[in-house]
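To start, the structure itself, in structure tokens.
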Amino acid sequence: GKEIPGQASLVFDVVLLDLHNPKDGITIENQHVPESCERRSQTGDFLRYHYNGTLLDGTLFDSSYSRNRTYDTYVGKGYVIAGMDEGLLGVCTGEKRRIIIPPHLGYGEEGRGKIPGSAVLVFDIHVVDFHNPSDSVSITVNYKPSNCTILSKKGDYLKYHYNASLLDGTLLDSTHSLGKTYNIVLGSGQVVVGMDMGLQDMCVGERRTVVIPPHLGYGEDGVEGEVPGSAVLVFDIELLELVSGLPEGYMFVWNGEVSPNLFEEIDQNHDGEVLLEEFSEYIQAQVDSGKGKLAPGFDFEKIVKNMFTNQDRDGNGKVTAEEFKLKDQEAKEEHDEL
């Protein structure tokens, strides 16, 4: 034609960008596998990982590092391209691997964004952590004292030290750096559900490692600036003090026999009505003398006000002898009604 003369010899200078065969599968090159790998990812797991995505010639088209956050997804469920879905199976936490994906398992003939059509993709990934929605809390006891007869239970007041980190070892928080213990009433919702579970059946002096999946921790949202979303948490815990709580449903119990003239004792001015101030003074006196015990770890005024409100059945701010009942009397009445 006009550009190429007849019988002309042609010279092409070629740069090979990539090549593949429609029969190709993905190629996996392990770059780093941790020595300790208790579990490998499987279908249905939720992974958090970093990646650099390049073409075969090294051209960078995407990176999670540039966004300063991991890419988070379920694997084996079709949420990512087929090649990545397959390449993320069988990995360990902390593993680094290269996944080479042919276009028919990537973005196909059309490509996407900065990715040309029919391009072979290279992903260098670093697995930060993963979990399964069916996972529960994992507890590893590192040290248990020889005398371990009193175990923590719901309602107990606990004082403990902890180091909190991510699965990759990133430190999030530590009571040691603050120079004081963390104090809670077990099972009262003062900590995440996973920590409530991890502190159960523990004795003073015991040390354990508690691994908490995100659905029992801070969930998909995490804590802004502190805990990444969907992060698996690791707590190294040492229990320092345990104050036994009260039976479930009780905020105050008697250590001895209850006076048969209890209402009259509380009603200091003998006008047939007990006000909050009288009630509070009486309860404080019983606690100070050792005759009664309040649930540990709660604010005294809040407990007493709650107890008073329960007795003030008509809500007029006064308790009469007819309204006043002990908890076991209330339980018996309910039982009789049933």
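Cβ from N, Cα, C; glycine included.
Any TrEMBL annotation is an automated prediction that lacks curation.
Marked as domain 'PPIase FKBP-type' by TrEMBL: 44-131 (among others).
Residues or ranges marked as domain 'PPIase FKBP-type' by TrEMBL: 155-243 (among others). Note on the domain 'PPIase FKBP-type' (155-243): DSSP counts are 13 helix, 37 strand, 39 coil.
Taking DSSP states H, G and I as helix and E and B as strand, the domain 'EF-hand' (254-289) has 19 helix, 3 strand, 14 coil. The feature domain 'EF-hand' is assigned by TrEMBL to 254-289 (among others).
The domain 'EF-hand' feature in TrEMBL is assigned to 299-334 (among others).
Residues or ranges marked as region 'Disordered' in TrEMBL: 311-338.
Among residues of the same chain six or more beyond the domain 'EF-hand' (254-289), those with a C-beta under 8 A of the stretch's C-beta atoms are 300-301, 304-305, 307-308, 311, 317-321, 324, 326.
Look at the domain 'PPIase FKBP-type' (44-131): DSSP puts its residues at 12 helix, 37 strand, 39 coil.
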